[in-house]
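Asker: What follows is a structure written as structure tokens; I'll ask about it next.
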Amino acid sequence: MTLKLSTEKERTAPDDLISYDDAIKYWSSIEPSINGVLGGYGDTTNVPRVDIVGSLIFYRRVKTKFLKTSEETKYGIDFGAGIGRVTKNLLSNICDQVDLLEPVENFVVKMNEELRILKAQGKIGEILQISMQNWVPKKTHKYHLLWCQWCCGHITDDDFLKWMDNCRLALKEGGILIIKENNSTDLHGNDIFDPTDFSKTRSDLHFKKLFKQAGWNLCLTMKQRGMPRELYPIQMYALQPDKNP
């Protein structure tokens with residue numbers, strides 16, 4: 001989650017400034033804690049609680065309108081899972097078992113500590129130390145829910161489209177992909193590059209164009225409320241594959 005930045009790096013397109021190696025180096029230097037992964041907005045602020053409450057409200061709306069009731073085991077996957085905060089406080093309560101994907105080693109170590117009780121309960125499946133752009137699902141049509149939060153800005157548009165293709169393979173029929181991301185506040189709707197963590201922030205319109213290009217239907221959107229004003233606006237998107245892309 002990135003603070004608003006006015007910095008521009010000359011006139012280079014933000015997509016060309018994304019650096020996977022530099023991003024890993026940056027996040028590897030960050031303390032593996034709630035405060036660390038949320039950019040200083042840890043447990044002394046209302047951000048962690050407000051975030052989870054907003055996500056749960058959105059999921060319940062999505063579930064009511066778009067998810068079919070089933071007795072099957074519900075598998076979820078948490079992309080860019082950090083130290084397991086979202087899985088621990090949200091996904092483990094709405095899925096029977098959750099896989100987690102996180103490329104930063106010290107976050108994975110902390111994640112294993114944070115989720116040890118859930119692991120003992122069988123709520124945690126695989127923990128994959130891998131980046132989004134390198135992920136390929138081991139099993140097709142496995143997941144009832146794909147969750148990606150504050151991570152899409154770390155991959156280029158081309159890799160984002162490839163990732164969505166892999167999400168299509170991984171998603172169970174009738175399942176849902178939820179993306180929760182910051183939105184650019186650039187007056188011209190341009191992406192904004194963050195030189196701190198080598199990511200970019202896309203506009204709402206840019207996300208919607210990418211969803212359409214990838215062949216996904218936008219089922220529902222909702223703006224996250226209650227966050228500090230200095231942060232980017234945050235939008236939640238619920239998506240399902242277009243059956244006739």
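Residue positions begin at 1 at the first shown residue.
Each Cβ is built from the backbone N, Cα and C atoms, and glycine gets one as well.
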Asker: Among Gln97, Gln149, Gln213, which residue does TrEMBL annotate as binding S-adenosyl-L-methionine at the site that also has Gly80, Arg85, Met132, Gln133?
Answerer: Gln149
Asker: Here the binding-site residues are Gln133, Gln149; which one has the lowest number of other Cβ atoms no more than 10 Å from its Cβ?
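Answerer: Each of the binding-site residues Gln133, Gln149 was scored by Cβ atoms within 10 Å; lowest is Gln133.
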